[in-house]
């Protein structure tokens, strides 16, 4: 018994030691233990890691594209004092980094704008369907018999550049003809020189100094100059000379012609241009030159009268797109021998929906023609598109395209909607008559006209809703001084010339800044000074007011307090890529990315989806 007791104690001791060693092993196992993670959870974790890696890679690529180094730990400089780096150096380093980021933002903006311009650019060239279908292209401009005087040709290119710099003439193109500073040196006949003198035109304006020699040389041209700078003479005098040359070589027979064609966007402008051509043709005839016939083809007039001139053979024709297309389709007019085409206020015609009509008119030409485009406002988008119709064109720009005339004093006043009519009478007292009043809506024109008549003011009104006879009588009465005030919509703002006007009143702000430039350009013409008063209020679109503010600053005019408070964010972003403002509409207060005109056009296009009639023009519906 005594022997078994120690054995039992030993066994307990062994169990105790064994238990102790087991607990130590268990502790070690606890330390090495990895908890079990379900398969789904493991997959989610792996996916998260992959996404993080991909994001990191993408941000590095973006930073490389923008030209900045990938941000690492060394970029995260703690703000505050650092060892071996002065606060000035630290400030300079941070400033450089901020400028680098700003530059990348500008580059990004430019890329975005290029994409937008490409998307809105017209895919088809401004050519006839026949020319595009047959792949007809012309490499060389039309040859003419005119050459500059020998001594002008012998002058150096440096001298020509000095003349252009003196008159602020910007030219683009190859083989540009030299600028000529007098009408006599341009080889015009004595009768035309006398006619110019009678009108008080003694020296050519900057656009005429470079433009007339360019056209007489037979070159295609885009002419951009501020309102009242004499653009009409640039394309009317050369066409008279070309037609006179053709008539002397071989007289025009019955139903032949025209040789020269001028297209205008409005009837009033066409009538005015026709009057200028008639004046110089009459002077040439009095000076024993052959009779040159000029036809006026506009809507609202009897076709019979127009055909009477055409039947005898016509040298020149001034027309509006609608009536000209009608006569061409009815085969009453032929453009077989036409070699000279001028589009006055070209950007408005292309922009205002006449583009299809212009293409159709182009398809009636049988050979190469000399094409000229003129306007006071021509955004980059229109210039690029128009160049597709020209052969080695010369672009002549006097001042910025769309800039206001510096001879006009611009006054902008905040007037409540209900107070406009009463304040209008006060504004009429600023200058002696004649005065021109513009309004956007036809109803406003009629209301202003009626109010002025009730107050005893001698006023006339024109807008698209009135018939042609009434419009013509109103303009003639105003031009002759029988009436003191002309109230009109924008139909009278394009190209019309009323020499004595000292004051233009904008009853409302137009929806596009281009129309504002054309409106105020009716005064301050031919070197005279004029005043333009514009009423603005809360109803005006802010983007147009921003453009107006920029236009006033550019012309060094007084900016009213109501416009001074307007800000468009980062002003430096308005002037990037070597061009200020919007490339689509020409406004200075915004870029193409924020253009309200482009936005309105895109909205209209979207709303027209599904409504378009896909039947061809004049086709039968079977």
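The backbone N, Cα and C atoms fix where each Cβ goes, glycine too.
Every protein chain considered, the tally of other Cβ atoms within 10 Å of the Cβ of residue 231 (ATP binding site) stands at 24. DSSP classifies residue 231 (ATP binding site) as helix under the three-state reduction. The annotation ATP binding site is assigned in Swiss-Prot to 225, 226, 227, 228, 229, 230, 231, 232.
Taken from Swiss-Prot, the feature compositional bias 'Basic and acidic residues' covers 1-15.
What Swiss-Prot lists as compositional bias 'Acidic residues' is 24-33.
The ubiquitin cross-link feature in Swiss-Prot is assigned to 9 (among others); the stated evidence is similarity to another entry.
What Swiss-Prot lists as ubiquitin cross-link is 115 (among others), and the listing cites similarity to another entry.
Residues or ranges marked as N6-acetyllysine by Swiss-Prot: 9.
Feature annotation from Swiss-Prot assigns phosphotyrosine to 33 (among others); the stated evidence is a large-scale study or a structure entry.
Annotation source Swiss-Prot lists phosphotyrosine at 414 (among others), citing similarity to another entry. Sequence-distant contacts of residue 414 (phosphotyrosine), defined as residues of its own chain at least six apart whose C-beta falls under 8 angstroms from its C-beta, comprise 536, 537, 560, 562.
As annotated by Swiss-Prot, region 'Disordered' applies to 1-39 (among others).
Feature annotation from Swiss-Prot assigns region 'Disordered' to 51-84 (among others).
Remote same-chain residues near the motif 'Q motif' (181-209) are listed as 146, 148-149, 152, 163, 167-169, 216, 223, 225, 229-231, 233-234, 237, 240-241, 279-280, 283-284, 286-287, 289, 396, 398, 526 (criterion: CB distance under 8 Å, separation of at least six residues from the stretch ends). Marked as motif 'Q motif' by Swiss-Prot on the basis of sequence analysis: 181-209.
Residues of the same chain lying 6 or more positions beyond the ends of the motif 'DEAD box' (344-347) and with a Cβ under 8 Å from any Cβ of it are 222, 231-232, 235, 262-265, 269, 273, 373-375, 377-379, 382, 386, 494-495, 514. The motif 'DEAD box' feature in Swiss-Prot is assigned to 344-347; the stated evidence is sequence analysis.
Annotation source Swiss-Prot lists zinc finger at 580-597.
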Practice task
Taking the recorded ATP site as 225, 226, 227, 228, 229, 230, 231, 232, identify the other residues of that chain whose CB atom sits within 8 Å of the mean position of the site's CB atoms, giving them in sequence order.
Solution key: 205, 207, 376, 521, 525
Handout entry: Mean of pLDDT values spanning the zinc finger (580-597)
Key = 68
Handout entry: Neighbourhood of residue 225 (ATP binding site), C-beta criterion under 8 angstroms, separation at least six
Key = 205, 206, 207, 231, 376, 396, 397, 398, 399
